[in-house]
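What TrEMBL says about this protein:
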type: COILED; residues: 18-69; note: coiled coil
type: COMPBIAS; residues: 636-648; note: compositional bias 'Polar residues'
type: DOMAIN; residues: 11-94; note: domain 'Minor extracellular protease Epr GA-like'
type: REGION; residues: 328-347; note: region 'Disordered'
type: REGION; residues: 629-652; note: region 'Disordered'
């Protein structure tokens, strides 16, 4: 036993426990003292005391437990010592509360105030800093603070409706209701009257209970309070109160004294004071000036230097009392106003705020600061209202006329260009603020003139405010009538925009204002150095057949325009525009101009900024039958007869700029072919050339005939042909036949070829639907985003023993070709004149678009190098063929597609043309060389993600697609066709049947859906996880090779009445066959007729009374007792009680399916219970197993 103090007879460990309890008692007491230190007990401080008491109790328990080990005679003493360690008193948390910062009501605790500011404190009076408040709500709505001050709006607030939270988490509220009233009494509250008894105040009934009226008189102050029972007075000895009428005798408010009354409500709001001067009832208020009038004009300040007059600040006028006349008294006096009062302005500048006056001992004193007096300018008059001893009100008019030195004019020179409305401005009228516009921002100076020479130096302030605020503020002092502000130093600060220029007189160099109505000259100036923006938006044909320029003109100011005659300069045209220009308007305007007579136009705004536009020179001809180039042209453009024109260097020529050439038929002319561009009519005739050179050119003609070459060079060119291309021959009996080639080369640029229909012989003529009428046309659109649009049919022809026909090449770019008719020819293999008839469309590189509204037939070849979108809204037939690029092609065939309806047709004529006239097809040489002369029609969409949609059937077609994710959809049937899709994720959808056809796909995850029948068709699918769905399997000649991968094939129904064999080869991978309804299957069986023979299909799912026979033939026959270890596999057949499986066993060959287990499961086919069979050869089990769903009907036969 350890005992450092043997004298006490208690072990050391017991002493330690008692000491720990004593220390805990000290800690608890200390926590209680700390909590009380600042006078505020927080919840945390109270909790600290509680925690200390808890710790004390724990130590006491531990000490008592230890005392049990002390000597028995010591235990009572020690326990008493521990019990004396009592817990500290836990203080109550000081409650926070919110009160009014200022209670202005009758008492300082009634909760009524005209000041809504709140104060936060504890119940013991210690204030809480408003910065410690995190939020205040009033009736549940947040009250926002202003600079840390929370203020209630006017209203009533019940107890507990105002709540707050402190940063420490304390919450408090108002303990009593609060009324905030900030509205003082408004309106008359008493009627004043006088009689021989004294002055009476009759109080208004509108005064509320609790309100007080304080009446101050010369001999005392009276407070009247309105209670529930009426009015009471605190000094009845000073005045008699009867009801709401107070009578104040003359001894309390003697004559000539002033009494004042004010209403104060319960919140402390006070009304405007009622002031009344008591008059002697025996002396009525009828005093006038000596002329019998109430108004007096004085001239004490007229023609005086006010700064000198008021050098001492106050001027006393002591003679005015002599001018008073009172019929009731011989000595009337001026008695008021007693306080300094401002007069009221009568005329001129209002300086009343600078002047004050009062009455002292019957004399009028006028006060003015000498500095203010020195700044007063121009004539003005002030009115002084005074009171006399009998209560009369009189008026004194004082005139002042210091020298007028206010600003009179501003002059702003326009140093360059043109200033709208004149060369400068000078307006004294500050209200005349008509805006001025100038193209000059290099202002050198601005002059300001005063109305008169100043009698002392004056300060003039100039300000210029711009779009971004104040640009210039400058104050100058002048001793002369005129001064000049140097603005050259500010030129870099002046930019285009609106400016306000102001000049005014100010009090000092700091720009201190003299008075609010000091004359200020104001001028709005717009600096505009930007010329109108004129955009030529192209040219359009009006109803009159003439071409107009379409322009957009943009300028924030009004813009005018005029044409420039030869030799006229822009400057002279603008400066002399009055009466000769046409006004467009402001902001953005559009305009159409006929510029055939003069193509120079100047557009100018109000500031004189000008833009000259040179518009395209428009040339009008009646026909072109000779060359028109940049070197020569027809010198008789009005001639419209056949071959009637002659070209020379002086004729109508083109340029290397923008050209507009209009070839029209005048209304007065009867020549049938007026408006045409045409060369000779015979095969040997020379072609004419129309070459517009480079530039954005327009050719607008009725039509183009044979033996014609048209070139438009580089630029965005347009050719419009109202009647289209003519190519019919002379044998039609008309001397003006148009047989012969037409060549159009539109060069690089975004070009447009718009072709109308041959309607000139009437809308019902056989030729009327045609845009290319029996043509042998070569159309080369060049690089760029080009467009060809025909209103009617393209009908290709062949010229006698000439091996070329229609050829379109749209070149590089995103091009569009729209044919609103058919695409066809008059090909006849037995007619040398039409043997060459064909159409070759090369859409070129880029993303191209082709739309054909009518049928596509005959010898047609469509080429595209990259990607395309094509829509054929009618039937496609003949030997129409496609060679497309490796981009994404999207082809839609809205009608029937039947290519090569007879076996005698091929692409031979196109190939023959190319081989004999390769220059005609030069742009497509690389692709044409790939075609054999005996090639049947085909659709080759190339690589890329292609989409082919056939809304009807597809017959006699060979469709090829290279690598890419291709989708081919046929809404109806496919017959005698071959579909070959390259590697990628391909999809084939067939709406009804497919017969006598082939489907081949490359590697990838392919899907083939056949909604109805498949018959006499081969399907070969490349490696990948593929899916095949068949509506009805026709037994005859259908062979499907699923290729390698995990494939699924589903057959809905099976036509077993059709004789023949068919097969499904699963290939490598796990393959599944789903038999939906009465499907007969065979696998490794002896009999193959009438069933779908499966090979290498790992899972068969039978439904709808389908059946399968599993034999031991075919590829299983190659397994022997010598090589059986080389073979393994598992086959699963699922179905129900309506489906059946027949096992064929060959006892003679020793090959059987042997049952080895029943009611077994397989980990990869949960939910199924199987009979397990093993393939046995001569008694030897192999690694090939067959699992049959136990629900299946089962048969076993021996063959």
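A Cβ is built for glycine as well, from the same backbone N, Cα and C atoms used for every other residue.
Mean predicted confidence for the coiled coil (18-69): the pLDDT average there is 87.
Secondary structure of the region 'Disordered' (328-347) per DSSP, as helix, strand and coil residue counts: 0 helix, 9 strand, 11 coil.
Counting same-chain residues at least six beyond the ends of the region 'Disordered' (328-347), those with a Cβ under 8 angstroms from any Cβ of the stretch are 256, 258, 277, 282-284, 286-287, 320-321, 353, 355-360, 362-364, 367, 379-390, 392, 397-398.
With DSSP states grouped into helix (H, G, I), strand (E, B) and coil, the region 'Disordered' (629-652) comes out at 0 helix, 4 strand, 20 coil. Under DSSP, the residues of the domain 'Minor extracellular protease Epr GA-like' (11-94) split into helix, strand and coil as follows: 62 helix, 0 strand, 22 coil.
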